[in-house]
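Going by Swiss-Prot, these are the annotated features:
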| type | residues | note |
| --- | --- | --- |
| REGION | 20-41 | region 'Hydrophobic' |
| REPEAT | 121-160 | repeat 'WD 1' |
| REPEAT | 174-213 | repeat 'WD 2' |
| REPEAT | 218-257 | repeat 'WD 3' |
| REPEAT | 264-303 | repeat 'WD 4' |
| REPEAT | 308-347 | repeat 'WD 5' |
| REPEAT | 351-392 | repeat 'WD 6' |
| REPEAT | 396-429 | repeat 'WD 7' |
Amino acid sequence: MGNSGDLEQALQDGNIFRQLNALIVAHLRHHNLSQVASAVASATMTPLNIEVPPNRLLELVAKGLAAENNGTLRGVSSSVLLPSSYGSITTPRTASIDFSVNHAKGSSKTIPKHESKTLSEHKSVVRCARFSPDGMFFATGGADTSIKLFEVPKVKQMISGDTQARPLIRTFYDHAEPINDLDFHPRSTILISSAKDNCIKFFDFSKTTAKRAFKVFQDTHNVRSISFHPSGEFLLAGTDHPIPHLYDVNTYQCFLPSNFPDSGVSGAINQVRYSSTGSIYITASKDGAIRLFDGVSAKCVRSIGNAHGKSEVTSAVFTKDQRFVLSSGKDSTVKLWEIGSGRMVKEYLGAKRVKLRSQAIFNDTEEFVISIDEASNEVVTWDARTADKVAKWPSNHNGAPRWIEHSPVESVFVTCGIDRSIRFWKESV
């Protein structure tokens, strides 16, 4: 009987080893490491061309790390409308600025002058843009329902005078209405989009011939904003409905916050964003409120009403250390909020925004805040610590840009707008 059990265990272990070897070979092959893949396949007697989904090994490792880290997270009550697997992934803490300290006026930093170049055009208004987490790609979405994907190194080559460079590497067509927002999967070559057709669509940009989505989530409302959880297993959707929708990427299930107030909430959501670890997420709403949610329980843990007077909040993003939130509103102000206390710690003034749903963003080091001045059609920059305005540059768009997006890893950003153009900004030589 014991020998039978040992044999069964040996067979099970052998099967796991074969699966692991197949995943390793497929991973190496998909990343163009053909010689290494061939050597491993030969040494382990694994078929070189075994069929395994791309990035399957990465996905399994990510799930394993998430499960390991979940042991340190507090549990979720059974009354909460979330699967037990949902939680945050711990990432290394990023060196950050303590914005709660008052910095003297006159001690502001100077941002290097930037220049921009037009890359491409949509057939109509360009409504949104997003960089990949590694800064290697960015995508734009238009009112013409198309999505364009650019490779940043090729953009730089083109700007440097390389006439052979072709930075536009993919164009996707699969929505029936204008695109509202975009996001990249944190670990896979997947780009998602949301649109006025109530859909969230998934595109695999590793496939050169793919023009259509391989997965579609159908919401009940216009999906105005989306954000991937850092694990890639869940995504947030902000819609015309006042309550954020949370989707399980694998099961298509939609979950709602368990304690969302029934009264005092009336506006659509303009933007949703996760923090860097997924431990908290935020909504910026047309009713003028900023709302913070626990990333594990999905409970609303703080609501800042009238954050921008009686004006709608157009954007809200976290600092990398998750201690502060930067918001923009149609009252022409940009504000920095301390999450723990809910108090405003900085206010950035001097740029008019009353018509467009413009964002305020940090640069990659969080030393500067960048936004748009509709009245002067300029890109405006403030020192993030002192709140001094330190630079303003003509946008070079015909009409004020409606979207601005900064690379997470270097000093480059993208603007796009009603003139249909996409402009790439970098430091002047």
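For all residues, glycine too, the Cβ spot is worked out from N, Cα and C.
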Recorded stretch, among 174-213, 264-303, 351-392, 396-429, maximising Cβ pairs under 8 Å relative to the repeat 'WD 1' (121-160): 396-429
DSSP helix/strand/coil residue counts for the repeat 'WD 1' (121-160): 8 helix, 19 strand, 13 coil
Other parts of the chain folded back onto the region 'Hydrophobic' (20-41), taken as Cβ under 8 Å at six or more residues beyond its ends: 47-50, 52, 54-58, 60
Residues from the same chain, set at least six apart from the ends of the repeat 'WD 2' (174-213), whose C-beta lies under 8 A from its own: 54-55, 58-59, 62, 124-125, 127-133, 137, 139-147, 149, 219-228, 230-232, 235, 237, 247, 271
PLDDT averaged over the residues of the repeat 'WD 7' (396-429): 94
